Amino acid sequence: MKLKSFSKNGLHGQISVPGDKSISHRGLILGAISDGTTQLHHFLAADDCLSTLNALKDLGVPITRKNDFLTIEGQGLTGLKRPTKSLDMGNAGTATRLLAGLLAGQSFNSTLIGDSSLSKRPMGRVQTPLQQMGAKIELTDGHLPMTITGQKLHSIDYQMTVASAQVKSALIFAALQADEKSTIKEFLPTRDHTERLLNKFGANITTSDDGYTITVEPHPHLVGQDLTIPGDMSSAAFFITAASIIPNSKITILNVGINPTRTGLLKILEKMGGKVKIINRSQSDGEPTADLEIESAQLKPIKITSKDIPDVIDELPLVALLAAAANGVSEVTGALELRVKETDRISTIVTELQKLGIKITELTDGFIIDGRDDWQIQDSKLDSHGDHRIGMMLAIAALRVKEPLTLENEDAISISYPQFFDDLKEIEDADSN
Ligand code: S3P
C-alpha cells in the first residue's frame, strides 16, 4: 500500500484508541474461568484477541460479541471442556503462554498451534517452570505445537529468569490450580494486569511493597464481572510518537490506560524533551486511565538500558523512531527480548530504518542511532515483515518524509489495530476541515 507522506500542517484533533490488548486477552480468560456472566466493554476486536476468543469457545465457553462488547458465560476454574481439535492461537503469543499455564492444571489434554511467526517463538520459558509444578508439556524443539497433558499441580516458589509478564501470568494461572500458595519473584517488574484483574474477579494475589514478589492463593472463587477496558497505551504510542516528531502537531488521545508498568514511553519522551500532558486522570475497573495531550517538540537523544526495558518493551520500535528524529546519538541496550517478538525486532527495526537513510547500528541487545532532521531515503519500499508494530511504526515514519513510500505486508496491522489507518486519518485531516 501507499503510505501518506509529509504534511506541513502537522497532526491535529482528538482521538480514542481501541481497548488494551493485554487486558482484552486476560478479560476473556478470566470471564471464561469465573462463575456467572462477564461483560467486557471496549474489548479489542483485533486478530490476536479473536484467536483467544475462538480458543475459549473451543474449550466450551459460550461467548457472544457485538463489535467491542462481549458477553462471556463463565464455566468456573474447573468447568472448561476438552477441545475436540487443536487450539489455533494464530499470532497470539500472550494468549498461548497464558493458556499454557491454565490448561496445564485442567483435567483434560489439549494441543496449541500457531502461525509461522508464533511457531518460531520460544515456549521453553513457560514449559520449564510449569514442569516444576508437575505439569506435562511437550514442545516441538522448544516451540509450538505444544501438547499439554492436564495434571494436578503443586505450588512453586519461582525466581523468574526472563522479565516477562507472559511467563509470570502463565505461572499465576497454574498457581490458581495448585495444592498450596505459590510465590513468583521478578528481577524487573513487568505489566501487572493479570494480578489486578484476578483480584477484581475475587482472587487473592498480593504483591510485595517493593513490587518484586507475587503471592498467589490457590482455588479462588472467581465471579463474573462487568468491565470496561481502557484504551491501549501501546496503540496510543503510535500517535504520541507521530505528534512528537511531526512539526506543528497538537493532538489529544482520550481514555488511555496509564498503568505504571506500561508508561515507559512517556518517561522516555519526557527525558528527550517531548511535550506530553497527562490530564483527566481516572480509574477504569482497577486500571488507571487519563487523556494525553501531545505537542511536537525538538527532541534530545537518550540512553536506555535493561532496567528501562519492561515498561516500554512493545514501544521500542517507536523509541527508535523518536531517536532517529532527535539530534544526536541515542543508545538502546539490554533489549535482547526484542529478538523473540513477532519478528526479531532488532533486525527488522535496523533493516527498515536504514531504508529511510537513518544511521542505525545493530547491537546484539539493542541499537545505536545517530539522529538528524533530514533523512536521505535509500529505498522507498518498506516492509512490516508480518509484524504489526513494525508496520505501524513505518507508517508513522513516512509522515516525516516528502518522497512517496510504500508498505509491504500491511495486513499484519490487523493483529492489534485493524482501524489504525482510519484513526490516523482523523488526526491527519483534522487541520484541513
Ligand atoms: C504481554 C507481555 C509482553 C509484551 C506483549 C504482551 C502481556 O511480552 O511484549 O506484547 O500481555 O503479558 P513478554 O511477557 O514476552 O515480555
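Including glycine, each Cβ sits where the backbone N, Cα and C put it.
Just so you know, TrEMBL annotations are computer predictions that nobody has curated.
TrEMBL names Lys21, Ser22, Arg26, Ser164, Gln166, Lys341 for binding 3-phosphoshikimate. Of Asp314, Asp365, Asp370, the residue it gives for the same site is Asp314. Each of the binding-site residues Lys21, Arg26, Lys341, Arg389 was scored by the other Cβ atoms within 10 Å of its Cβ; the lowest score goes to Lys341. Taking Ser22, Arg26, Ser164 as the candidate binding-site residues, the subset whose CB lies under 6 angstroms from any atom of ligand 1 consists of Ser22, Ser164.
Ranking the binding-site residues Arg121, Arg345 by how many Cβ atoms sit within 10 Å of each one's Cβ puts Arg345 at the top.
Annotation: Lys341 are the binding-site residues among Ser22, Arg26, Lys341 whose CA atoms are within 10 angstroms of the CA of Arg121 (phosphoenolpyruvate binding site). Closest in space to Arg389 (phosphoenolpyruvate binding site), of the binding-site residues given as Arg26, Ser164, Gln166, Asp314, is Asp314, taking the CA atom of each residue.
When Cβ atoms from all protein chains are considered, those within 10 Å of Gly93 (phosphoenolpyruvate binding site) total 22, not counting its own. Largest CA to CA distance in the phosphoenolpyruvate binding set (Lys21, Gly93, Arg121, Gln166, Arg345, Arg389): 19 Å, whole number.
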